[in-house]
Amino acid sequence: MIAVLREGNREDFVLCVTEEQNLVKKLVALSTRERIRDIRDLPMSCEEKKHIRWVVDSQAVKGNKRLCQRYSSDRVKHYSHTPLDYIRSVRQTLELWQGIMKEIGGKFGTSVLSYFLFLKWLLMFNIFSFLVNFGFITIPLLVYDPLPSIPPNVSFRGLEILTGAGYFNYTVMYYGSYSNETLVGLVEYNMQLAYFFTIAVYMVLCGIALILSMASSFKTNYVLAAPASSGAWQLLCSWDFNITNERAVRQRKNNLRVQLKAETLLVPFVVSLMNLVVPLFYSLFYKFEHYSSQRRQIYALVVRNVLLRMSILAVLCYYWMNVVARTYSCWESVVGQALYRLVIFDFLFLMLGSFFGEFLSKVIGTTLLPSLGVPEFDIARNVLELIYAQTLAWIGIYFSPLLPAIQIVKFFILFYLKKVSLTQNCQPPRRTGRAAQMQTTFIALLFFPFFVGALSMVAYTAWRLTPSEQCGPFRGLNNTFSVVGVWMDDLEEIPGSQWVVWIYQNVIRSEIFYFLITLIILVIIYMFWQVTKGRKELICLLKQQIVNVSLNIINRTLNMSLIECIFGNMYITFGVLVDSDCPSYYSSVFFDSRRPGGRFVPDA
């Protein structure tokens, strides 16, 4: 027999083994609420009830483990060989950089991981861009004329990789090498229409993709996500649970056989140098500035870097559209070469930025000035570098259709370069940010002002600037958009196509049409804003109702004497925390009165 003996009298209460087992078996089968009620009603002392509760809880935990193991075993037997699971497993195995992403997230948290996810997203963007341009513009021209018209005195010397001029100027890399004819083969292929509509449709699809991604991310991370206040939700949810080193990357040395032309490379060198040096000074400001959260620090750096890069791009675009377009006979290819050099130099200076901004900071912080310490990964500066690089690709899509291929190689190498620099030179952030909401901000910045600015540059070129008369698919036209008018004139001669001409003349070219479209969009935005506002209020009301029901249940089932009886000398009191975003919503939490001040104070 196992006896539970009270101190006063050993013979007062003796519980046999069989009786205790039966009682425990009966209590284990009950729900938690019924179990607490039955234990409370037992004619025993608090010590005896504590013993019974400990035995019952132990048996319940063992039973739950066996149940989970049996359930997991049944699921493995049932699902392990389904075709859907096999396809899902193969897709996850083939997913690009999956293991590296887990490693980065585990060591540095989701805030730093959001940069690499953004880089991967932009890489996929450029792969799509390259496939579209190569498939609809370049391949038809190569099929019709596979050998480019390269002068005999021009040969590839290697320097073109840096300058983008010379041999590349006679290839399909730039606008000037594309024909303005209708290619005749198995089918007729109008290169003017193909070039115009490929670029136009691609830019429209990019805008739609950015808007949808931004809307989806905003809905998930701002509208539906519960706010992280300084109360119970922050206590329970603010810890970054992903928190859990590959020296490589040798810089190749190019043996240049000719001297660099300073007048050709001066502009991209100065621009890239400014983009490198100025943000590094911005990054030093946070040593003297005090922010209440990491998000505000990042946003302040983002605003400064956005103003810097937008100013640089605005000056360059003004120069290209007002000086280059009036000076050179094939000015589109000249602008394409300038953008190619900017992309190449931006990549070279990104590598230098990783050295000066992260490696030297680590050396200085660990040897010369230990008070600085090991640097953290500058998310704001690195994200703006990606957005700036993608903006160059969008602007250059009209002047250099194959520029996305350079971006693919650039982003692919940059991913591994930043990963090595991160693991070797940086430390995990002291404070974790809201990574999901930061991702929304990144996409919003990519859309406005950068994508909108690039779209405005391409649209202005197509509507207002006169194409070169000696090169390119639009030679001889007043502007690029005139190709649509020429196409409409051809359609008028085809029976049954008059309705397309009518739509173009009365709808597409009508200012009222665009006014109505804008008005409809504004009304839809207002409606969605009102729906979102109503849903947030409904969520607050539902939260309040949940808390009210919980309070009523607790008031009916629990009392202080029972809690003190079961938990011994651990005294518990009940309190509420107010949600700052829903003033009417109170979240319940238990406080340990033995803590300083009589309550449990969550970390801010």
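Every residue, even glycine, has its Cβ placed from backbone N, Cα and C.
Lifted from TrEMBL, the feature list:
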type: TRANSMEM; residues: 121-143; note: transmembrane segment
type: TRANSMEM; residues: 193-212; note: transmembrane segment
type: TRANSMEM; residues: 265-286; note: transmembrane segment
type: TRANSMEM; residues: 298-321; note: transmembrane segment
type: DOMAIN; residues: 330-436; note: domain 'TMC'
type: TRANSMEM; residues: 342-360; note: transmembrane segment
type: TRANSMEM; residues: 392-417; note: transmembrane segment
type: TRANSMEM; residues: 438-463; note: transmembrane segment
type: TRANSMEM; residues: 512-529; note: transmembrane segment
For the transmembrane segment (438-463), the candidate among 121-143, 265-286, 298-321, 342-360, 512-529 having the most Cβ pairs under 8 Å is 298-321
Secondary structure of the domain 'TMC' (330-436) by DSSP, residue by residue, totals 81 helix, 2 strand, 24 coil
Per-region confidence, the domain 'TMC' (330-436) (mean pLDDT, whole number): 86
Checking distant contacts: for the transmembrane segment (392-417), what same-chain residues at least six beyond its ends satisfy Cβ-Cβ under 8 A? 97, 116, 119-120, 122-123, 126-127, 129-130, 133-134, 137-138, 172-175, 178, 195, 198-199, 202-203, 206, 248-249, 313, 317, 332-333, 335-337, 339-340, 342-344, 346-347, 350-351, 354, 386, 450-451, 454-455, 457-458, 461-462
Per the Cβ under 8 Å criterion, with at least 6 residues separating them from its ends, the transmembrane segment (512-529) contacts none
Give residue numbers and ranges for long-range contacts of the transmembrane segment (265-286): same chain, 6 or more residues beyond its ends, CB-CB under 8 A. 162-163, 297, 301, 304-305, 308-309, 312, 316, 338, 341-342, 344-346, 348-349, 352-353, 356-357, 378, 381, 384-385, 388
